[in-house]
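Participant: The structure is given below, and queries will be raised subsequently.
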Amino acid sequence: MNELVGTGRLVRLILRRDRVLMPLWVVWIAIIPIGYVASINGLFPTAAGRQTYADESAHNAGFVALYGRLFGSSLGELVAWRAGFIPVAIGLFTILTVIRHTRMEEETGRRELLGATVVGRYAGLAAAVLTTCVANLVLGALVALGLMSQDLPAAGSWALGLEFAAAGWMFAALAAVVAQLTASARSARSIAIVVLAATYVLRLAGDISAIGSGAVSWLSWLSPIGWVQRIRPYGGDRWWPLALAVGVTAVLVWVAVALSARRDVGSGLLASRPGPASAGAGLRSPLALAWRLHRGLLLGWAVGFALLGIVFGGVAKSVGDMAQDNQTFADIVARVGGTAGVIDSDLAGSIGILGLIAAAYAIQATLKLRDEETSGHAEPVLSTATGRLRWAAGHLLFTFLGPAVALLASGLAMGITYGSTAHDVGGQVPRLVAGAMAQLPAVWVLAAIAVLLFGTLPRLSPVGWGALAACLLLFLVGGAVRLDQWVMDISPYTHLPHLPGGEVTATPLVVLTAVAAALAVVGLAGLRRRDMPTP
Amino acid sequence: MTEAIRTEGLVKTFGRTRALDGLEMSVHTGEVHGFLGPNGAGKTTTIRILLGLTRADAGTAQLLGGNPWSDATALHRRLAYVPGDVTLWPNLTGGEVIDLLGRMRGGLDKQRRADLLERFDLDPRKKGRAYSKGNRQKVALIAALASDVELLVLDEPTSGLDPLMEEVFREAIRDEQRRGDRTVLLSSHILSEVEALCDRITIIRDGRAVETGSLADMRHLTRTSIRAELSAPADGLAALPGVHHLHAEDGKVSFDVDTEALDSALRQLTAVGVRSLVSQPPTLEELFLRLYDRKGEAAPRGSGAGAEVAR
C-alpha cells in the first residue's frame, strides 16, 4: 500500500482547489431533475394527461434522440426520462475534473514537485479518481433525497441518483485511462470528450432504431450512457446495470493504474514526434498563429456538428411516419400544419439544440485568449510589433466564424440526410442551411458576452459559461415550467425564428447582431486599456 | 549621450502592494545595463511597463524616444524581449516559434539564427511541450538575439541555463557590446553575470532605485577591505575616521576602509612597516548585501537612499 501514501492529503488539496467549482456543478446538476417534478406536475396534473404525453413522447424520435427511451407514464418515470441528458453533462464535468487533477498536474510540473515528497506512485491518480467518484455519489444522493422530498418513491429516487453516480464513475475511470495516453492535457481532454460524444451518439442511434425497425438497437448496449438508462428508475428499478457500471469502472481504473506503471512521470504512452526545424512561409502573422492554435478545435467541432446533423436529419423522416401511424398524434399534426409541419418543427427543435451547442464552441474559442495571456504565451507576441487588437482579432475570427462553419456543416449534413429520405435534397439543403445559420446572431451574443468579460473583467472570463448555462436552463425547463415571457426574453435564443417552417423577420436578427457587435467593441476597448496579467 | 530608456517617478500599485514607488532609471544607448534586485523588488513590473503590457499609475517612461504605452507597436519593431519564464505553445516546434516571433518583430537574420542554434546546441525540431526550462529559455534567447533590433530587454534570461550555456550567453552579449549600436537591459539577480557583462548598473529595492552607475563608481562609494602583516602594532588606525571592523592580533590587522580614508590609512600602515598586504575591492555581492542589509534599519524613504548615491 506504499504506492498510495499521501492520497488523503492529495484529496484535501483537490477539495481545496475545487472548493467553488466542484460544489457548483454538483448542485447545479442535482437541481435540474428536482425542477422537472414541479414542471411536469404543473403541465400534466392528471394521470390521463401524463399518459397521453407519454404515448406521444415515447415515439417521438427527436425526444428519444435527446433523452432516451420512455417506458411508462408515472411522474417518476417522466422525470427520469426528461433527465436523460444529465449523464452526458455529468460525464463532461467528471472528465474535466479528473484530467485537471492528473494530466494537467503533470504537464505543468506540479506533479513532480509533489512527487518528490512522501507521496506514493499512484496517490495522485487515486486521489483524483476517488474525489471525483465521491462528488458523483454526493450528486446522486442529492438527487435521490431531493426527489424523495417531492413525494416520489424512495427506491426509484435512489435508482435515479445511482444511475447518475454510476455514469460519473465510469467517465472518471475513462478519463483516468486517457490521462495516461498523451503528454498534453489538451489532447487528453479532447480524446475523452470525443469518447463521451461517441457514447451519446451510440445511445441515440440505438434508441431511435429501437422505436423504429429495431435493426441496430443493440448499439445502445455499446454505450455506458445506454447501460445506466437501462436501470429504469421508477419503472422496475433494475439494479444489475449498476453492477455492470461498477465492474467497468473497476476494470478501467485497473487499466489506468497498469498504464501509469508503464510510463515515466510527464510522458505519455503516445509519443510526440519531432516537427519542422523552421516555420513555413505562411507562419508570419498573429492570424497565422491563431490558425495553428485553433485549427484542431475547428475541425473537431465541424466534424461533431456534421455528425449531429446526420443524426438529426436521419431521424426527421421517422417523426413524420409516426404522425401517419398514430391517430392521436395525427390530430395534433393536423393542427400544426400537416406532416410537413411536424417534421419542420422537429428539425427546428434540433437546430435550436445545435445553436446552443455552437455557443459552447464560441465561448471556448474566446477563452483561448484568456488562456494565452495567463499561460504567458501572449507576452512574447505582444512584445513584437503586434498590437493587442491584432492579437485578439486572430482569435476572435474563430470565435465568430468558427461556429458559422460548424453550423454550416450541420445544416448541410441535415439537408443531405433528410433530403435524401424525403427525395428532395435540392430543396432541403438550402432550407436547413438557412435555418442553422439563423442561429448565429444568438451564438454571437453569447460569444460577445465572453469577449466583454475578457476585455473588461478578465478574471471573470469563465462567467461566460454561466451565461450559456442560463440560456440552456431556460431552453430545457423554460417551456415546461411556463416561465413569464420576460424571463424567456433574457435568452437571445428566444428571439430567433423557428426555422425551417417558421416566419422570418429581419429585426430580431439585426438587433441581436448589433447587440453582439456592441458588446464585443466594449470588450475590445477594455482590452486596449487594461494591464496584461503577469503569467 | 542619448538615452534608450528613461523613467521618472514611476509608480505602480497592485491592490495594497506598491510594486514601484517612484522609480528613476536611465539607460544609455549602446550600453549593457544591469538591472539588479532581489525577487519582488519590482524588476519585472518595470519591464512590463517599458513593454506597454502594464500601465504606470504615475510618472513617465520613455523608451527609444517614444511612449511605451501609446507607441507600443511601433516601438516593438525596434526591440526584442526575453521573459524570465518562457512558456511555448505545446504544438509548435522551437524552430517555428523562433521564426514566428522574428517575423512578427519585422525580420530575422537567417545566418545568425543558424549560428546561434549551433552555439546554444538547441534542437529546433522538438515540440514546445517537450523542451526543458533551459531549452525553452534558449528558444526565446535565440529569437531575440537573431532579430535585427536596437534594444534587447532580457528579464532574468539565464535562469535554467547550465554553466556552459551561461558562458555562451555571455559571449553572445559581448558580441552585441562590440557591435556598439545595440542597447541591452539585463535584469538579473546573478551578480557575477552582471559584474561580467554590464557597463552600468541600477540596483532597485522596494520599487525604488537605490544605486545607479558603473561598477567602478559604486565601488568608489564603498569600502575596501585590507589585510596586512605589520612589523609593529599600528596604534593610530583605530582613531582614523573611515576605518571600520578593525581586528588586530599578533601583528596582523584586518579592517574595512572608506574610499576617501584609504590614502591616510595606508600611510599609517607604511609608517609602521608593511610585511605583506592584501587589498580587496568590494565585490558586487558585498555591495548588494550591504544595500539590502540596511532594510531593517528603517532608512528614511526619499532622503536616505538618495543621499547614499549623492555622497
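Cβ from N, Cα, C; glycine included.
Feature list, courtesy of TrEMBL:
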| type | residues | note |
| --- | --- | --- |
| TRANSMEM | A:20-38 | transmembrane segment |
| TRANSMEM | A:79-99 | transmembrane segment |
| TRANSMEM | A:119-146 | transmembrane segment |
| TRANSMEM | A:158-179 | transmembrane segment |
| TRANSMEM | A:191-219 | transmembrane segment |
| TRANSMEM | A:239-259 | transmembrane segment |
| TRANSMEM | A:297-316 | transmembrane segment |
| TRANSMEM | A:347-367 | transmembrane segment |
| TRANSMEM | A:396-416 | transmembrane segment |
| TRANSMEM | A:436-456 | transmembrane segment |
| TRANSMEM | A:463-483 | transmembrane segment |
| TRANSMEM | A:506-527 | transmembrane segment |
Participant: Are there three or more C-beta pairs under 8 angstroms joining the transmembrane segment (A:20-38) and the transmembrane segment (A:347-367), sequence spacing 6 or more?
Facilitator: no
Participant: Between the transmembrane segment (A:239-259) and the transmembrane segment (A:297-316), do 3 or more CB pairs sit under 8 angstroms, pairs being 6 or more residues apart?
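Facilitator: When sequence-distant Cβ pairs are counted, the transmembrane segment (A:239-259) does not touch the transmembrane segment (A:297-316), since fewer than 3 lie under 8 Å.
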Participant: Does the transmembrane segment (A:79-99) come near the transmembrane segment (A:396-416), with 3+ Cβ pairs under 8 Å (pairs 6 or more apart)?
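Facilitator: By the criterion, they do not touch.
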Participant: Which residues, given as numbers and ranges, are at least 6 beyond the ends of the transmembrane segment (A:396-416) yet have a Cβ under 8 Å from it?
Facilitator: 287, 290, 294, 297-298, 301-310, 312-313, 316, 347, 350-351, 354-355, 358-359, 361-362, 365-366, 368-369, 425, 428-437, 439-440, 443-444, 447, 450-451, 520
Participant: Out of A:20-38, A:119-146, A:191-219, which stretch touches the transmembrane segment (A:158-179) the most, going by CB pairs under 8 Å?
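Facilitator: Highest pair count goes to A:119-146.
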